[in-house]
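Beneath this line is the structure, given in structure tokens, with notes to follow.
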Protein chains: 2
Amino acid sequence: MDEFSFIDEIKQSYYRQPSLIKGIGDDGAVTQPNGQNVVFVKDMFVEGIHFAAHTMSPFHIGYKSLAANISDLAAMGAQPAFYLVAISIPKEWPLKKIATIFQGMKRLANKYQMDLIGGDTVSGSELVISITAIGYAEDNKARYRSDASVGDIVFVTGTLGDSQAGLHILNNPGAYLDESYYLMRHQMPSPRVEFALELIRLPRLSLNDISDGIASEVHEIADASKVTIVIQENKIPVHFSYGQFDTNKQFKWKLFGGEDFELVGTVPKQHWNCVQEAATLHQIKVSKIGYVVEQDSRSNVLLQLENGKKVSLQKDGYNHLSR
Amino acid sequence: MDEFSFIDEIKQSYYRQPSLIKGIGDDGAVTQPNGQNVVFVKDMFVEGIHFAAHTMSPFHIGYKSLAANISDLAAMGAQPAFYLVAISIPKEWPLKKIATIFQGMKRLANKYQMDLIGGDTVSGSELVISITAIGYAEDNKARYRSDASVGDIVFVTGTLGDSQAGLHILNNPGAYLDESYYLMRHQMPSPRVEFALELIRLPRLSLNDISDGIASEVHEIADASKVTIVIQENKIPVHFSYGQFDTNKQFKWKLFGGEDFELVGTVPKQHWNCVQEAATLHQIKVSKIGYVVEQDSRSNVLLQLENGKKVSLQKDGYNHLSR
């Protein structure tokens, strides 16, 4: 397969987004947003750093790379619309395998009617994928990390730690409960787009997606909003068979594991029922896991342990508080 | 320098684009295009493939990578506005050197009031840079390859072959006329944005930028427009000291060399004077190099040699015509 037939293979035969004026086939793509805000996200993935051949098939690599970008759009309150892909391809990767990466992306793109509108294919010594995803948000309805306020409820969708549990299973084959569930959560995560868009009617909401572990994401909200966030450890939702893993791992994965691509956010108390309704409507779980207080000089994020004690939760661990 | 202070270093202290609502610092960036078309371009560059350490300093790598993307925007008739950068950084590259790459980008971005609004930094084993650039075009004024028509004049800006001549000088040190001119053309090319925007008043225009050599670019116009384009070899503009290089190299570089980032296009005869005026206004050279005819079954691009004979010009060479 030469490069030209390869581009024909990954190019869509038709486009679905009505705002698209020109897709693949010129120096650039052209859209007409028609009054909406345009939201841009961009992530890069490197083989050996972000994924390994024995845990992720080419299809999974494509699926998950686009999922990570769509999850960022969801966290911005944006409707996914387009994506562009630049890929650096090592000689030893046959184009057929690369085409499978694009099929993985397409599977998820189809779900959201997203169009692939451009990109670049180059040669390199390692596989590198860079995706730019573009979405639309209603004017003044993009969701920021900086919008948390004292008194807000902190919520999170789904269950945490699943992706790292899946990776653990892949690296340590054995007999596990719900094995295929955990693998799916690691290889084909579900961005929470519909839920985020359902919350459009709320006047204020802070939102972040969980790519790096909830500790890190909650810090970003607290730092940007200049508040302190208290997380209650026993409220952090986990899958019902999560208890089968080592206790230390459970604790580490759910707080610092990342790649679950769930959403964490804060909302005024009086709108908590709307958040619950949105979750019910889209058949996902949502849990209240904490609350927002005035900025505490000791830490922007506190973890309340099962014994009631509060510790300072860092992005990658925790410290006992000194007084 | 850790990653956080590094992001502070490359982050702009203020943004200039009035349509920007949210820049770096959340899951994504947000803009409000206000009725204009939005144009997206994306290119990827790999060390050892697109540039080498002995011919391109980190500053040049940044400058030229962004220039290539801006050149694509110019070829779309778009005003550059934003860029996002994802970069995969090998361990042995100190962050200071990476910061210099971003300074190279900034130098050119400043010229066009472009804002850096997002991206990603990851680790890898080789330097890979992926840029997404975003521009605005007036509604229905984006310029396509498919808009050439029979009877059009074919024009090109500047002089061709200079970038490859610069690379040749870098790889073969010696005494050359206008050495610094050719190096500049290779390391810090000038996208023809102002010229392209000046042509906004023309009702029809096909346009492409010369990243891969004029033979390849003219093929793209001819293929997309379903016409045949005749290029007159002796009309292809070269720098006045270009004659110092080997005759075969001159021929090869100007037709197939690429990376000059000039613009090639076609325009109805009656608008040729407008094209000349636009070039004069922005102090660049523009040359008439050929014309558009009905699709010729022998080839979509014909090269008329100095002796009057026409040959079939391929993307990467030429064939004598068989009858």
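Along the chain as shown, residues are numbered 1 onward.
The backbone N, Cα and C atoms fix where each Cβ goes, glycine too.
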Which one of A:ASP178, A:ASP209, A:ASP212, A:ASP223 goes with A:ASP27, A:ASP72 at the Mg(2+) 3 site, as TrEMBL has it?
A:ASP209
Distance [Cα-Cα, Å, rounded] between A:TYR318 (substrate binding site) and A:SER211 (ATP binding site):
19
So which of the binding-site residues is most packed in, judged by how many other Cβ atoms lie within 10 Å of its Cβ, out of A:ASP72, A:ASP120?
A:ASP72
Got a sec? Which of these binding-site residues, A:HIS50, A:ARG145, has the most Cβ atoms within 10 Å?
A:ARG145
How big is the gap, in Å, between the Cα of A:ASP27 (Mg(2+) 3 binding site) and that of A:ASP212 (Mg(2+) 5 binding site), rounded to a whole number?
35
Where the record says A:GLY119, A:ASP120, A:ARG145, A:SER211 bind ATP, what is the longest distance in Å from one Cα to another among those residues?
32
Count of other CB atoms lying within 10 Å of the CB belonging to A:ASP209 (Mg(2+) 3 binding site):
26
Where A:ASP209 (Mg(2+) 3 binding site) and A:ASP43 (Mg(2+) 2 binding site) are concerned, what is their Cα separation in Å, rounded?
13
